[in-house]
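Peer 1: One structure, as structure tokens, below. Some questions next.
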Amino acid sequence: MSPPVATESMYKPTTIGTEAHDQALAAMKSNQAAPAKPVFKPEPAVNLEPIKFAPIKEHQVQRAMVRRYFQDMEERAISDVIIVGAGSAGLSCAYALGKARPDLKITILESNVAPGGGCWLGGQLMSAMVCRKPADKFLDEVGVPYEDEGNFVVVKHAALFTSTVLSKVLAMPNVKMFNATACEDLIIKPCPINPGVQRVAGCVTNWTLVSLNHDHQSCMDPSTITAPLVCSFAGHDGPFGAFCVKRIASAGLSEGLGDMRPLDMERAEDHIANKTREIVPGLIVGGMELSEFDGSARMGPTFGAMLLSGKRAAEVALQSLGRVKVEEGEVVGSAK
């Protein structure tokens, strides 16, 4: 037998007089009244000097920022070296290059607001940063402490390396970083040294928020930075991952991408550190971007090759610049 169907006649609401209802509600509230909350009374601060900031106008802040930013953009319209990506490899390259040649104008492009790439943490969001030897020598040079575990060393927190090398790089007077700025294309021109060969001659830049919204708003043209040499460490993931090697492939300047292979730490680190190189005239590639180009294994949460790939890129860059004659940021021939 089916259960009876619920109808209005079966379930009539109970009604009581308004006065009785109010009395019952008041009694219930009085019985359930919450105890008085304790009041925190802070102890008064004593013997503290008052803080009084110097006066300032809002327009002064605006002009101070705008003037310096656009002075930097004007000055760096021609650079000696552009570094794409301020992760562990890119920052290591900037440090080694800036230290070796303080006369070079080194411009760093970082698409994120926060530089550092994946080197704020170790593997799976854990803190420690593992570096296989001989990368410990670079840590010594930069001044990052670590624990020695035999064949490898451990920095207690990856952010300690990133913040240390970042502060040293940005303190160099010849280094300028534009963060929240994407490399969204490359400048490519005929190579004056090798007829019929194309040469990377700089970067096409835009603010990252603009680059990521081209699908929503048309006609948002970029800016450019001219340089005889670009060093790219754009990584392997994210919206701009491996950007430069992908652009080289799409422009028909390489046979294509090798695509990163599955993880093998030993093979991966040896390959990345030793194969960092100038893949086409004017473009040096290192770090995990190189694994996408060469089709080498990924290395996972070990960072030694990132550091030494950046350092090797700086060495390759110095040799490359020594072979060319440069006028107004463009290679015009071979060095005599």
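From the backbone N, Cα and C atoms, a Cβ is placed for every residue, glycine too.
When I checked Swiss-Prot for this same protein, it listed these features:
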{"type": "BINDING", "residues": "ALA89, GLU110, SER111, GLY118, CYS183, ASP221, HIS236, MET288, ARG298, MET299, GLY300", "note": "substrate binding site"}
{"type": "MOD_RES", "residues": "CYS219", "note": "2,3-didehydroalanine (Cys)"}
Peer 1: Taking only the Cα atoms, work out how far CYS183 (substrate binding site) lies from the residue listed as '2,3-didehydroalanine (Cys)', in Å, as a whole number.
Peer 2: 17
Peer 1: So of all those binding-site residues, ALA89, SER111, HIS236, ARG298, GLY300, which one's Cα sits nearest to CYS219 (2,3-didehydroalanine (Cys))?
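Peer 2: Of all the candidates listed, SER111 is nearest in space.
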Peer 1: Tell me which residues of the chain lie with their Cβ under 8 angstroms from that of ARG298 (substrate binding site), as long as they are six or more apart in sequence?
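Peer 2: Once residues fewer than 6 apart are set aside, ARG298 (substrate binding site) is near HIS236, MET260, ARG261, PRO262, LEU263, ASP264, ALA268, MET288, SER291.
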Peer 1: Counting only residues 6+ apart in the same chain, whose Cβ is under 8 Å from the Cβ of SER111 (substrate binding site)?
Peer 2: GLY85, ASN179, ALA180, THR181, ALA182, CYS183, THR208, SER211, GLY238, PRO239, PHE240
Peer 1: Would you count the other C-beta atoms found within 10 angstroms of the C-beta of CYS183 (substrate binding site) for me?
Peer 2: 28
Peer 1: Out of ALA89, CYS219, which of the recorded positions is least crowded by other Cβ atoms within 10 Å?
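Peer 2: Among the recorded positions ALA89, CYS219, the sparsest Cβ neighbourhood within 10 Å belongs to CYS219.
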Peer 1: Determine the Cβ neighbour count for HIS236 (substrate binding site): the number of other Cβ atoms within 10 Å of its Cβ.
Peer 2: 18
Peer 1: So if I measure Cβ to Cβ from GLY300 (substrate binding site) and keep only same-chain residues at least 6 apart in sequence, which ones fall under 8 Å?
Peer 2: GLY123, LEU263, MET265, ALA268
Peer 1: Let me know the DSSP-derived helix, strand or coil state of CYS183 (substrate binding site), please.
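Peer 2: It is in a strand.
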